[in-house]
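*Asks:* Mind having a look at this structure? Questions to follow.
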Amino acid sequence: MGTCRAPLTPLLCVLLPQFDPGNTGYISTGKFRNLLESHSSKLDPHKREVLLALADSHADGQICYQDFVNLMSNKRSNSFRQAILQGNRRLCSKALLEEKGLNLSQRLIRHVAYETLPREIDRKWYYDSYTCCPPPWFMVTVTLLEVAFFLYNGVSLGQFVLQVTHPRYLKNSLVYHPQLRAQAWRYLTYIFMHAGIEHLGLNVVLQLLVGVPLEMVHGATRIGLVYVAGVAAGSLAVSVADMTAPVVGSSGGVYALVSAHLANIVMNWSGMKCQFKLLRMAVALICMSMEFGRAVWLRFHPSAYPPCPHPSFVAHLGGVAVGITLGVVVLRNYEQRLQDQSLWWIFVAMYTVFVLFAVFWNIFAYTLLDLKLPPPPW
């Protein structure tokens, strides 16, 4: 039998083993319900509701003691998830949104839950277990770095609007340039270079308004995975589809997050209870379209340093492709292990095949096609 690690309910941790004198690891659902009801005043209401759902979902009359321990220590085992998904859920009819007397931080957490999660049970679980430790550091850190590099470049170049038109812009060692594609770090570091303040502004707004709430719910690891995968896919897509163009900006990562979030809303439309969700989707799509339109216009605008063209817009499309594949799976499976999801492995395999294809393309295709590349930016 598991050791209790639930400091919020010491009484139940002491009493539960008494209902399993044989140390079998299981207790009667009837005794379990009686125990919950007799000590309901000492339990958090959200956890009590989910515990009752756990009891109601076991038709065989027994509950695994470890499921209780996992729940109270904020861990959900596979058997517990299946019990909730397949069993008869016993949830309070009062939605989280209707609860009164919440302070400012509690209302913020509730708002984030309704913005990102489609199921009430997940929203209550998130609201109950979120501690803001660690805070959403990944998206904030990336954003601050992007702003810092932009300001530094603005001062050094003496130009903040359309920095990319400055003759010395591409000499920065962070920009992806087709002549320097052997320098592997450029496939990622190009996100810290933006074409101008209008480029940076739209990307920062999108990744803060969408990325930070997503990270609060799904954590830095998952959101960082989607973001970095979108960044890498963006530069690799350019190296395959727009071979003579450089790449700058964080649009690949931003579009991966935003497209994954929008796809998740569409796929779970009836369950998403966020206010003005249609208006929010429209605003996000308008912002993405404006930024993409700016990138297309700039790509075909006469270059300030021919024969090298302006940065490519294909990175945006690479980010979208990652968002509606890998990203959707990551956001859909809240608090569930991705390695248990078959669809996750399918998309990981697809992404791996694409990366390998792009690597070999970069090694051989440029020579075989006898492509004339712009000179290196020395």
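Residue 1 is the first one shown; counting continues down the chain.
Even glycines carry a Cβ here, placed using N, Cα and C.
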*Asks:* In TrEMBL, one of 147-166, 247-266 is tagged transmembrane segment. Which stretch would that be?
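*Replies:* Based on what TrEMBL states, transmembrane segment spans 247-266.
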*Asks:* In the same chain, who gets a Cβ under 8 Å from the transmembrane segment (247-266) while lying at least 6 residues past its ends?
*Replies:* 116, 118, 142, 146, 164, 175-176, 190-195, 199-200, 203, 206-207, 210-211, 214, 223, 226-235, 238, 272, 274, 277, 281, 284-285, 288, 291-292, 295, 311-312, 315-316, 318-320, 322-324, 326-328, 330-332
*Asks:* Just to confirm: which same-chain residues, 6+ apart in sequence, have a Cβ under 8 Å from the Cβ of S251 (active site, nucleophile)?
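*Replies:* When sequence neighbours closer than 6 are ignored, S251 (active site, nucleophile) has N203, G234, E291, F292, A295, A315, H316, G319 within Cβ distance under 8 Å.
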